[in-house]
Amino acid sequence: MDLPVAGNSVHLAANRPAVPQLAGNGKATLGAFNESGYGDASSVASCGSDALTGYETLDSPPHYDFYANTEVWGRRRRFRPSLYQLYANPEDDSRPPMYEETTGEQMEGGDSSEEDEDEQKEPPPEPTRFGWVQGVLIRCMLNIWGVILYLRLPWITAQAGIGLTWVIILLSSLITGITGLSTSAIATNGKVKGGGTYFLISRSLGPELGGSIGLIFAFANAVAVAMHTVGFAETVTDLMRENGAVMVDRTNDIRIIGVITVTCLLGISMAGMAWESKAQILFFLVIMVSFASYFVGTIIPASPQKQAKGFFSYKADIFAANFVPNWRGAEGSFFGMFSIFFPSATGILAGANISGDLKNPTVAIPRGTLMAIFWTTMSYLLIAATIGSCVVRDASGMLNDTMSSSASSEDCVGLACQHGWDFSNCIKNSTCTYGISNYYQSMSMVSAFAPLITAGIFGATLSSALACLVSAPKVFQCLCKDKLYPLIGVFGKGYGKNDEPLRGYLLTYIIAACFILIAELNTIAPIISNFFLASYSLINFSCFHASITNSPGWRPSFRFYSKWLSLLGAVCCVVIMFLLNWWAALIAFGIVIFLLGYSLYKKPAVNWGSSVQAGSYNIALNQCVGLNHVEDHVKNYRPQCLVLTGPPSSRPALVDLVNCFTKSLSLMMCGNVVAADSSPAAVDKTSSDRHVSWLNQRKVKSFYRGVVATELRSGVNMLLQGAGLGRIKPNVLLMGFKKDWRSDTPQAAHDYIGILHDAFDLHYGVCVLRMREGLDASRPSQSHGEASISIDPESQPSTVFQKKQGKKTIDIYWLSDDGGLTLLLPYLLTRRKRWAGCKVRVFVGGDTDKKEEQKEEVLALIKKFRLGFHEVEVLPDIYQKPQPGNVHQFENMVSRFRLDTNPKQDSDSGPPRQQEEPWMITDQDLERNKAKSLRQIRLNEVLQDYSREAALIVVTMPVGRRGVCPSTLFLAWLDILSRDLRPPVLLVRGNQENVLTFYCQ
C-alpha cells in the first residue's frame, strides 16, 4: 500500500507520544502506563506486537521527571523509555535488559490496597525554610559583627590610623569577598542540600578533602561557641565586679555564667530553627539600636565628663591627627593589627552552613553572603572613621585637667590642648587611661546611652555563639550521614520535620561546656581561626579546581567569579594562617593531612561527581588504571567520540566538527576500516603514523585507530567494542550520512543501518552529519566509515567548521528526549570562540492551544540545566500533513526497494525472499510506519521554513525499530528529513540515559 498523500485522512497528531491516563485515584492505569513506555522495561515484551506497532507511542518528548532524582508527593513519577524499548523488535520474547530510568516504581506485584493507603496519607509536613534575608544576610552580619567591633576597632584605629585601618578592613573584606564569590559559584552549580561548608567542599573536591575539612570545621564551630560565650561571660563578670557583685572569683564566675548561658542557647537551638531564627532577629535589632545610639552620640555636643575622656565631637584636626599611624607596644605593627582584626571578618559562612534550611540556597547564599560582606564592611569603615574623628588618642579622664588661662600653651602636649584640655602629664608618663589608644570601651563613652553599647556587645557575642551552636551540628550531621569516618554515624540521626540533629546539639554542647570550664582560650583561639581559614582556602581552591578542569558539569548560574581570583584567595588564606600563628597553622595542616590520609586509605564508597574526578580525565592516559576505581557520574559526562572518518584527511569537515566538541575536553578517536582480507599490505594501509601526523598538523587533539576487516560493519563493530582504554573509551559514534544509498548496493545500505543498531546495542549515542556539499574530500560517492582512496595526507583543506560563525543561529529540534545529548553537544559548541556569537534556538513539538504553557515548561527545564539557552519555540505545525509533492518524492526514494506482492506469484515465495533480502519494504511495513514516515517528511518542510539561514541544525534522530522498519526505509527517513538544507545537519540520538543533570551530586 502506498503512503497516503495530503488528501488522505491520516493525521500525525493522532500518533504523537501518548501521555498516561490517570484513573480516579490519581494513578496511571496499567495499560496507558505500559503503552507510553514509562513502566517496567519488561512491558515491551509483555505487550506483544499488536500493542506496539506504532513506534511513535513510545518515543517521549522532554520531561522534568526524566532528570529528577526525587518524587513529588501524591504523583507517580514518569520514566523515559529505554533505548531497548525504542528500537528492539517487539516480537522478540527475550526479556530486555533493565535500565535505571525504567526500573523506578515497578508496576508488577505488590498489594494495590497498600498503595491506596499510601496515596491517602497526608503529605509530610513542610519544614521551616528561610529566605535570603532571614536565613543568610542577618545571620552572616551577626557573625561578622562581634566583640572586636565594639572593643577592639577603636584601639586598632588608634594604632594604625584611620587610613591603614581602612586598608586592613578592605584587605580582610577582599579576601572574604573572594571567598564569598567562590562560595556563590559552588552553591549555584546544582541543588545544594544541608551540610553547608562541608557539603560545598566535599561535593567539589571529593570526600577525602571534604571529609577532613568537615570534621575540623564542625569541631571549630563547637569550640567557637565556647569562645563567644566566654566573651559574653567576661563582660557580665566585669559589670558585676564594678557593682560589687562577686559569686566566687573571676575565673569561676566566668565558668558559671558561661555554662548557664550555653545551656540557655542550647534550649533555644533545640526548640527548632524557627525559634533560633527569631532569637537572631532580636539580637540583630539590639545591635542596630546600639549602632543608632553610637552615631547619635557622635553628633551630640561633648559634656565636660566626655571631654575629659578625650571625646570632642567631630573635629577636622582630630581626624587629621588620627589618620596616620601611631604604633605602640609589642603588637604595634600593620600585620599585628591585621591578625587581631581579621577573625572578625570570618563569619561569612554562617548562612551557607544552614543550606538545608533555606528556601532556595542557590539564590539565598550568593545574595545574602555578598550583601552581608558589603554592609558589614561599610559599617566597619564608618565606625573607624567616626571614632577617629571624635576622640583623641590619649586622655586622663580627670575633670581638673582643663587649661587655665594663665598656663602657657607651649608647655601643653597633645591635640587636646587646642580644645582647652591639658593631658600632658599622663601622655609624658604613659599613664593615660582614656582615649582610643587606652580605653577599649570608647564606643560606650561616645554613645548617647552607654548601656545600649553593652547590650550590643551581648547581642554580638550571643548571636555568634548561637550561630556556631546551630552550624556545628548541621555540618556534623551531613558528615555523619555520608559515613566517611567510623563511630560517628549515631550523630547523623535527625528528628522532626526539620530533621534536627538533636544528638549533634548535645555533642556540641558538651564540647563547648568543656572549653568554657577551661576559661582560658588564648592558646586554642588561633587554632580555631586557622581552621576557619583552612575552610576558606579550600572553598576558593574548589572553585578554581572545578573551573580549571573544564568539566561540562561545571555550569554555575552565578557568573561573577574568576578562577584566578579564587586561586589568589586560596593562597592569601594560607599566607594569613601563617601570619596569624605559624604553629597553629602547622597544627591545622597536620590534622587535615592525617584525616586526608585516612580517607585515601579507606577509599569511601561515595561518588559525587567531584572536580577531582573531572581533573583526573585531563591528566595523561597512563593514569587510566586509577580511573577504573571511580564510577561514572552524570556531572562529569563527556561526549567521547568515535568518528568513522576513514583516513582522517579524507573527511576533514567531520574531523573539524567533532574537534569543536572534544578539544581540551574529552576523547576523540578517528576510526578507519579497511575492507580486505588480513594481509601485510592491508595492515600497512591502516598505519597510524601518517594519519596522526595529519591530525597534529591540523592541531586536532585526537587518537587514530585503524582495523582490517572482511566488511565495513564487522570492522566498525570491532572499533565499537575495542576502542578506548579503561574509562577513557568512546560513548558516542559519529559518522557521515550515506548519500549514495539509493545507487549503491542494497547490502551496503543494510550494513550502514546495521552499524547504527550495533552502536545502540552497545549503549552508544549516535550522531550522523550531513552536509549539502558532502563530506568526502577524496571520493564524493563514499560518505560513511570506509574510504579506500584518500587525498594527500599533507594537504590541509579548509572547512566551514574552522570559520567564525558570527551572529548566526544554532537550531536545536529537541523532538524526543534522548537523555540530553541533543542539548549538550550544541552547548559545548557555544563554548568555542568561533561559535560563541551564535544564538541557540530550541524547537519542540506541541499543541496550538497549550503553546505558551509548553514553552514555559521547556524553558524552566532548560534553565535548570544552566545551559544559557533562552529562546524556545513550540511548533504545533510539525503534526500537520506534509505536501503531496514531498510525499510522492519519498515514495520514489523507496520505490526501488519495494517488495513486489503480485498475487499471481506463489504465496510462499514472499517471506523467504524477504528473509534473504531484509532491506526490501513490504506494504505492511509502509502501513505500520506511515505515520512515522509522514512525520519525517513534514519535519523537513519545517526545517526549510525555520532554519534556512542557521549555522548548524541539530535534530533528534528517529530510531527505526528492528524487525518492523526495514533498513532502507529507515535510511529514507534520514534522507528525507535532512535533504536540500543549506546548513549542515547533525542528527543526534543519545542512548536514553541522562547526560545532563540539575543536581549538585
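Residue numbers in this text run from 1 along the chain shown.
In case you wondered, yes, glycine gets a Cβ from its N, Cα and C as well.
Across the residues of the domain 'Amino acid permease N-terminal' (53-111), the predicted structure has a mean pLDDT of 60. Residues or ranges marked as domain 'Amino acid permease N-terminal' by TrEMBL: 53-111.
Annotated region 'Disordered' per TrEMBL: 87-128 (among others), in sequence order.
The compositional bias 'Acidic residues' annotation in TrEMBL covers 111-120.
For 130-151 (among others), the entry in TrEMBL reads transmembrane segment. A Cβ distance under 8 Å defines the sequence-distant neighbours of the transmembrane segment (130-151), meaning residues of its chain 6+ beyond its ends; these are 228, 231, 235, 273, 277, 280-281, 283-284, 287, 340-341, 343-352, 354, 357-360, 363-365, 367-369, 371-373, 375-376, 379-380, 383, 440-441, 443, 453, 456-457, 459-461, 463-464, 467-468.
Under the heading domain 'Amino acid permease/ SLC12A', TrEMBL lists 135-642.
Annotated transmembrane segment per TrEMBL: 163-189 (among others), in sequence order. Long-range neighbours of the transmembrane segment (163-189) within the same chain, counting only residues 6 or more positions beyond its ends whose Cβ lies under 8 Å from a Cβ of the stretch, are 153, 156-157, 200, 203-204, 323-325, 334, 337-338, 341-342, 344-346, 348-349, 352, 355, 361-362, 365-366, 369-370, 373, 377, 380-381, 384-385, 388, 536, 539-540, 542-544, 546, 553-558, 560-562, 565-566, 568-569, 572-573, 576, 866, 1000.
Remote same-chain partners of the transmembrane segment (209-233), defined as residues 6 or more beyond its termini with a Cβ less than 8 Å from a stretch Cβ, comprise 146-147, 195, 197-198, 201-203, 253-255, 257-258, 261-262, 265, 353, 457-458, 461-462, 464-465, 468-469, 471-473, 475-476, 478-479, 482, 484-485, 507-508, 511-516, 519, 521, 524-525, 527-528, 531-532, 534-535, 538, 588, 591-592, 594-596, 599, 604. The transmembrane segment annotation in TrEMBL covers 209-233 (among others).
Within its own chain, the transmembrane segment (254-275) has Cβ neighbours under 8 Å at 128, 130, 225-226, 229-230, 232-234, 236-237, 247-248, 354, 357, 462, 465-466, 469-470, 473, 496, 498, 500, 502, 505-506, 509, 512-513, 516-517, 519, counting only residues six or more beyond its boundaries. Feature annotation from TrEMBL assigns transmembrane segment to 254-275 (among others).
Among residues of the same chain six or more beyond the transmembrane segment (281-302), those with a C-beta under 8 A of the stretch's C-beta atoms are 134, 138, 141-142, 145, 311-314, 379, 383, 386-387, 389-390, 443, 446-449, 452-453, 455-456, 458-460, 462-463, 466. Look at TrEMBL and you will find 281-302 (among others) tagged as transmembrane segment.
Marked as transmembrane segment by TrEMBL: 334-352 (among others). For the transmembrane segment (334-352), the list of distant contacts is 135-137, 139-140, 142-146, 148-149, 152-153, 156, 159-160, 164-165, 168-169, 171-173, 175-176, 179-180, 183, 187, 196-197, 200, 358, 361, 364-365, 368-369, 372-373, 376, 464, 467, 471, 525, 529, 532-533, 535-536, 576, 579-581: same-chain residues at least six beyond its ends, Cβ to Cβ under 8 Å.
Taken from TrEMBL, the feature transmembrane segment applies to 372-392 (among others).
If you look up TrEMBL, you'll see 448-472 (among others) marked as transmembrane segment.
Look at TrEMBL and you will find 502-519 (among others) tagged as transmembrane segment.
The transmembrane segment annotation in TrEMBL covers 531-548 (among others). Within its own chain, the transmembrane segment (531-548) is flanked in space by residues 175-176, 178-179, 181-183, 185-186, 189, 197, 200-201, 204-205, 209, 213, 216-217, 219-220, 343, 346, 349, 554, 561, 563-564, 566-571, 573-574, 576-577, 580, 588-589, 592, 611-612, 614-615, which lie at least six positions past its ends and keep a Cβ under 8 Å from the stretch.
Residues of the same chain lying 6 or more positions beyond the ends of the transmembrane segment (568-601) and with a Cβ under 8 Å from any Cβ of it are 175, 178-179, 182, 207-209, 211-213, 215-216, 335, 338-339, 342, 484-485, 526-527, 529-531, 533-534, 536-538, 540-541, 544. According to TrEMBL, the feature transmembrane segment maps to 568-601 (among others).
Look at TrEMBL and you will find 651-785 (among others) tagged as domain 'SLC12A transporter C-terminal'.
Here the transmembrane segment (448-472) has long-range neighbours at 139, 142-143, 145-147, 149-151, 196, 218-219, 221-222, 224-225, 228-229, 231-232, 235, 239, 261-262, 265-266, 268-269, 273, 276, 279-280, 282-284, 286-287, 289-291, 293-294, 296-297, 300, 347, 349-350, 353-354, 441, 504-505, 508-509, 512, meaning same-chain residues at least 6 beyond its ends whose C-beta is under 8 angstroms from one of its own. Long-range contacts of the transmembrane segment (502-519) within its own chain (CB-CB distance under 8 A, at least 6 residues past either end) are made by residues 219, 221-223, 225-227, 229-230, 233, 251, 254-255, 258-259, 262-263, 266, 269-270, 469, 472-474, 476-477, 480, 490-491, 493-495.
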